[in-house]
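Following: one structure in structure tokens, then a few remarks.
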Amino acid sequence: PDKDLLNVPPTWIPTPDLSNYAYALTSGEEGGTAWLFRKSLVNSFIVAASVTVFCLFVGGLAGYAFSRFALPFKDKLLFLVLFTQMLPVITVVIPLYLIFSTLHMLDRLITLVIVYSSFTLPLVIWLLKGFFDTIPADLEEAAMVDGSTLLGAFFRIVVPLSIPGVIATGGLAFLAAWNEFMIVLVFTNTAASKTMPVAVAEFIGRFRVDYGLMCSVGIIASLLPVALALVFQKYLVQGLSAGGVK
């Protein structure tokens with residue numbers, strides 16, 4: 001309760017109270033902060049899941065191409081891909097805003113997916129290329145000798161052998177999209193497309209801050225990433241350790 005947080009002298013042992021969790025998950029009128037938080041959780045999951053699936057698919061194909069094919073200027077292209085990660089988000093927010101404003105695509109979830117993917121995809125390409133480099137190319141050649149196509153060998157052999165790396169990379173992509181704040185703040189203005197970080201920030205009122213409710217929604221918002229990390233812990237450890245060893 002707020003009274004335990006604001007008491008002078010302070011209350012060292014607070015009174016257990018779960019009412020803020022119940023209010024955040026079940027109560028609140030439409031348009032209120034609790035309702036906005038629940039709506040934003042759904043939006044965050046849709047955006048983060050879409051970004052993860054898209055980046056893993058496109059980044060997997062691109063990473064495989066960089067890993068296996070003798071592309072012209074491959075090293076320079078890889079550096080160019082990495083260079084995009086060096087640009088702070090704030091440096092491109094205004095140009096992106098003007099572009100999507102011209103296209104009448106502001107305040108849409110698909111816009112967030114496109115922008116997030118453009119920032120996340122280079123990292124996914126680099127990480128997956130590293131994982132694919134550790135898989136012997138002889139396995140794919142043997143599959144193609146037996147009649148498989150190159151694409152079939154990729155999906156039937158390379159991807160299954162890279163599952164730990166794919167899950168680790170997907171986890172990083174999901175968390176990056178789940179936690180993004182700046183882009184959502186600039187590109188959205190209604191509950192239809194706001195995601196969880198902005199919704200939590202809006203619990204800070206002009207004249208009052210509901211600390212208990214804000215802490216509760218913060219914990220609720222962290223449960224999904226924690227649950228995913230626990231479920232895929234084995235694959236995350238294998239993937240991250242494999243990606244760090246040549």
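Cβ coordinates come from backbone N, Cα and C, glycine included.
TrEMBL lists 41-232 with the feature domain 'ABC transmembrane type-1'.
Sequence-distant contacts of the transmembrane segment (45-66) (same chain, at least 6 residues past either end, Cβ-Cβ under 8 Å): 74, 77-78, 109, 112-113, 116-117, 120-121, 124-129, 131-132, 154, 158-159, 166, 169-170, 173-174, 176-178, 195, 224. Summarising the annotation, TrEMBL assigns transmembrane segment to 45-66 (among others).
Positions annotated as transmembrane segment by TrEMBL: 78-103 (among others).
Within the same chain, residues 43, 46-47, 50-51, 54-56, 58-60, 62-64, 66-68, 78, 81-82, 84-85, 89, 96, 100, 158, 162, 165-166, 168-169, 172-173, 176-177, 180, 183-184, 187-188, 192-193, 195, 239, 242-243 sit at least 6 positions outside the transmembrane segment (109-132) and bring their C-beta atoms closer than 8 Å to a C-beta of that stretch. According to TrEMBL, the feature transmembrane segment maps to 109-132 (among others).
Here the transmembrane segment (153-175) has long-range neighbours at 48-49, 51-52, 55-56, 59-61, 64, 120, 123-124, 127-128, 130-132, 135, 139-140, 143-144, 225, 228-229, 232, 235-236, 238-240, 242-243, meaning same-chain residues at least 6 beyond its ends whose C-beta is under 8 angstroms from one of its own. For 153-175 (among others), the entry in TrEMBL reads transmembrane segment.
Listed by sequence, the residues of this chain that lie at least six past the ends of the transmembrane segment (181-204) yet keep a Cβ under 8 A from its Cβ atoms are 31, 33, 35-37, 39-41, 43-44, 47, 89-90, 93, 96-97, 100, 106-109, 111-112, 115-116, 210, 213-214, 217-218, 221. Positions annotated as transmembrane segment by TrEMBL: 181-204 (among others).
Annotated transmembrane segment per TrEMBL: 211-232 (among others), in sequence order.
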